[in-house]
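A.B. asks: Could you have a look at this structure, given as structure tokens, before my questions?
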Amino acid sequence: MDPQSGRTESYRAATLSRTDYNDRPAKPNEPLPTKEPDAQVENAPHQDSAPIAKRAKAAGKRGRRAELTELKQEMKMDFPTAACSDVILMDEFIDFRHCLQLLRVRAEIVAAYLDEHMVPIEQLVARLQTNLEKGLTDAQAAAAIARDGPNALSPPKKVPEWVKFCKNLFGGFAMLLWIGAFLCFVAYAVDAFSMEYPSKDNLYLGIVLAAVVIITGCFQYYQESKSSKIMESFKNMVPTFALVIRNGEKRQIRAEDVALGDIVEVRGGDRVPADIRIISAHGFKVDNSSLTGESEPQSRSQECTSENPLETKNLAFFSTNAVEGSAKGLVVCTGDRTVMGRIAHLASGLDTGETPIAREIAHFIHIITGVAVFLGVSFFIIAFMLGYHWLSAVVFLIGIIVANVPEGLIATVTVCLTLTAKRMASKNCLVKNLEAVETLGSTSTICSDKTGTLTQNRMTVAHMWFDGVITECDTSENQLSKKENRESHAYNALSRVAALCNRAEFKGGQNDIPVLKRVCTGDASESALLKCVEISHGNVMSWRAKCLKVCEIPFNSTNKYQVSVHEMNDDREFYHLVVMKGAPERILDRCTTILTRGEELNLTQSRRDEFNLAYLELGGMGERVLGFCDCRLDPQKFPKGYSFDPDNPNFPLEKLRFLGLISMIDPPRAAVPDAVSKCRSAGIKVIMVTGDHPITAKAIAKSVGIISAQAETVEDIAMRKGIDVTEVAPNEARAAVIHGSDLREMSEEQLQNILDSHDEIVFARTSPQQKLMIVEGFQRQGQIVAVTGDGVNDSPALKKADIGIAMGIAGSDVSKQAADMILLDDNFASIVTGVEEGRLIFDNLKKSIAYTLTSNIPEISPFLSFILLDIPLPLGTVTILCIDLGTDLWPAISLAYEEAESDIMKRKPRDSKHDKLVNERLISVAYGQIGMIQASSGFFAYVYIMAENGFLPWDLLGMRSRWDSRAVNDLEDSYGQQWTYASRKVLEYTCHTAFFSSIVIVQWADLIICKTRRNSLVQQGMNNWTLNFGLVFETLLAAFMAYCPGLDNGLRMYGLRFSWWFPALPFSILIFVYDEARRFLIRKYPGGWVERETYY
């Protein structure tokens, strides 16, 4: 309860339509507060910010946080309120890295709006050397443009195309392959220098590695270029033309040719071509939502109402939309010097940091490099100790390092990300950067805008109160015509006033379009009323045509009502009807009767109490409430042709008939509650950050599930217990609704405490810097933060977030440039789809990497045995290439098509510190378990064929030097047969082919077990037909390489007997059974030893 008035908070909720400059809900019949002029503003000198900027820079270098804090306070004193606009208020920044930049931007705003909105218009005209009637001359305009530049935002600094191409060619994993290629060329050079007949295997390997990097780099560059081209199509923020007065004539010119000092005219439906000082206005309203986050249209007039340039009514800003009315204005800022230009500049200066997937790939490279170098150096030392020549030992070192490099993985990662980006594009998510796909899947916190993202971005009639009953209206996205209330006289009268006392109209040529999707002229509330009546009663425009409007008093902030008088012609008589709508308490005060159930009754106290209860209930739901009344005029006193005077009303505005209430809200999108619920199940916090009123924000948050039904805020607890809010411990509440003015006063520790102790949070009436501050607060917690936004004011937070998500329909050009992803349908549910796709790609990348790395052990172990056991080489370098870039490539890519496992949206967001793309458990399973079984399979096939040809396993030990000697042509086997060098090499390459084919066969099982990390294969199924084809593909490719005539010289492969394909089959079955048992134990004993040690 309010201790002074005794009124409840829900009463305040009912007064949404009446707020003062500080957003405090006004009470019925209370005069609107006025802001006293700040004496300090009038008398304080505007000091230069340069000394403070120098001190801030010095303090930042020395890490003196305390001095920076003092500087914040000093900035408040040095610059008056005019400098402390919500857009650039440095006090709201926690991350002091941006301190110096903010000082500069802030000084620019102060310089730009020192007094343009406060000085008399005559003085401003003289300063800009223009003329209110004739405008600038052509020569003056040309000189101004030459001095100030065109009236356009400087495009963000583009990364040169050659730099983008080089990043794709040399960045991340590609660099590891370049190093591998270089080492191959070095190994070939060493061989060529030291041997008479050097093997060209390393040369081929180096060329192939370089080709792989170039091809995949070009492919990745091509994908990103396609996204950039789509971005070009969004360049729609700046208006194309503007109506200016030049040389005393009105002319249409390109918006970029508008100059400082121009006189411009703006009408409803136009976009404001520059920052302008209003000279004259007629019912002029602008939509500032893309700039300041205010959801309601703001009226503009020639009066200066605030020293703050963003709050005064006599300024309209560049690229905001004119909703209705008309105005003439004087251009005071153009291009980059406009408020929008300065915010865009602020966004372009923020650091974004690495994406999570880039960090994961870097981490993977470190692991692979570490393992490769460790093994290479270890066996270089061993080879040297065993008596090998140092050049041979160097060749072994390079061979082992290169064998560790999964050559096909870069192609797999690129294709996986591209496929997912295409899938997301089909679901209305445009990905500008391929790595952003996975980032969305790693998201642990979503800071979502309200209007247009969580809601439908259209005011809709939600409830009506007539005949003493609150009636709920359909707010779904596909409302149908409803006739159920047509019998009520009060409902019909209420609908008539809503249709007639309304300036909104449908634009022409939309008869075939559903009512809800038609474009209207007029503000959001009147458009909502128009569509509501159109759906329920039919053609409103023909209704208006029959009831000709003869007089109108537009809505203004003083009266808080709108009145119109109409000629009514029914079958019996002619009369005039006065219709009025406005703030409910103002309308009720002008009424003496009320229409209830077809009877006009006196407005007694009990009926007023019924009104108050209904008003409280509707207002408490965060809805905008309007009251409606009418009055039938006596035809004798007001005959046809009577001259009604709107300026000095000569008709009744008192003793009217009250009809009812209509409340409106921008309703949630139908899919949002389910999407928020999925986020909650997936362990993702959904935080609402909006510029709207706290009560409205809380109501929407409750309706979509951001604040759950059981959760209470401190205000809720205080109301339930009947105590003051200050008596409630903040941590007692699960939910929190934080007002921007409270956030401004918080310390870093206080904000961090709120973020730590509440899972359900709504931030209302926030400024751009506060949104940025919230993002940084979550990032300090180690959260991966996704931010949605559509306005210019959102661009700094979008740029700073781990992934910024802009709106494709309602989004500004600046916000789209700052974002990593664009929602083409502006729907929050698409974000959740993106999260699932991002998680899926991370899971599938893990599976692809596990599949690819497993074959490293059977590829490396032959080299190690070659050195340690001194046996003929079991597997050649070229054959390894046939695996990595041949048989393994399609199956590895096919895992990107794998369906999500059942728990994908039930798991908590991955912990980026511990749940890595490649972790110890994955290495353990791939190398230490499955890889060892595969290596055993290959060696078994090798030994089997050698033994069948007379070389028993123990005879092979120590045979390498004689085997590889061209001089030895009589090497005897256990059967007494003598083998020449050429015949030995044919047998060796046949063993290479058998080793290769055994890897292909065991990779069948490996591919199948990699389909799922937890589920049984029976649960997961074999519905991935790309993968099924991959099994057939790798088998056919292996057979083609083995049997195709002419490939034996190039690939060093020879045809196998049919029986030589079978030794690997038992090992393949063993892999399948072993891993199925492992996953069974993970499911049966969650959190047990098997899961802790083997679940990757």
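A Cβ is built for glycine as well, from the same backbone N, Cα and C atoms used for every other residue.
Caution: TrEMBL annotation is automatic and unverified by curators.
Found this in TrEMBL, in case it helps:
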- 1-65: region 'Disordered' (REGION)
- 20-38: compositional bias 'Basic and acidic residues' (COMPBIAS)
- 54-64: compositional bias 'Basic residues' (COMPBIAS)
- 115-189: domain 'Cation-transporting P-type ATPase N-terminal' (DOMAIN)
- 169-190: transmembrane segment (TRANSMEM)
- 202-222: transmembrane segment (TRANSMEM)
- 364-388: transmembrane segment (TRANSMEM)
- 394-417: transmembrane segment (TRANSMEM)
- 922-945: transmembrane segment (TRANSMEM)
- 986-1005: transmembrane segment (TRANSMEM)
- 1025-1043: transmembrane segment (TRANSMEM)
- 1055-1074: transmembrane segment (TRANSMEM)
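Show me how these features fit into the shown structure, please.
C.D. replies: Here the domain 'Cation-transporting P-type ATPase N-terminal' (115-189) has a mean pLDDT of 84 out of 100.
Residues 172-173, 175-176, 394, 396-398, 400-401, 404-406, 849, 860, 863-864, 867-868, 870, 916-918, 923 of the same chain lie 6 or more positions beyond the ends of the transmembrane segment (364-388) yet place their CB under 8 Å from a CB of it.
Long-range Cβ contacts of the transmembrane segment (922-945) within its own chain (Cβ-Cβ under 8 Å, at least 6 residues beyond either end) map to 367, 371, 846, 849-850, 853-858, 861-862, 865, 874-875, 953, 956, 987, 990-991, 994-995, 997-999, 1001-1003, 1006, 1009, 1060, 1063-1064, 1067-1068, 1070-1071, 1074-1075, 1093-1094, 1096.
Cβ atoms under 8 Å from those of the transmembrane segment (1055-1074) belong to residues 929-930, 933-934, 936-938, 940-941, 944-945, 990, 993-994, 997-999, 1001-1002, 1004-1006, 1008-1009, 1042-1043 of the same chain, restricted to positions at least 6 beyond its ends.
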A.B. asks: Across the domain 'Cation-transporting P-type ATPase N-terminal' (115-189), what are the DSSP residue counts per state (helix, strand, coil)?
C.D. replies: 46 helix, 1 strand, 28 coil
A.B. asks: Under a Cβ pair cut-off of under 8 Å, which of the recorded stretches 169-190, 202-222, 986-1005, 1025-1043 contacts the transmembrane segment (394-417) most often?
C.D. replies: 169-190
A.B. asks: Can you tell me which parts of the same chain pack against the transmembrane segment (202-222), counting only residues 6+ beyond its ends and a CB-CB cutoff under 8 A?
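C.D. replies: Non-local partners: 164-165, 168-170, 174, 177-178, 180-185, 187-188, 191, 395, 398-399, 402, 405, 407-408, 410-411, 414-415, 418, 434, 877-878, 880-881, 885.
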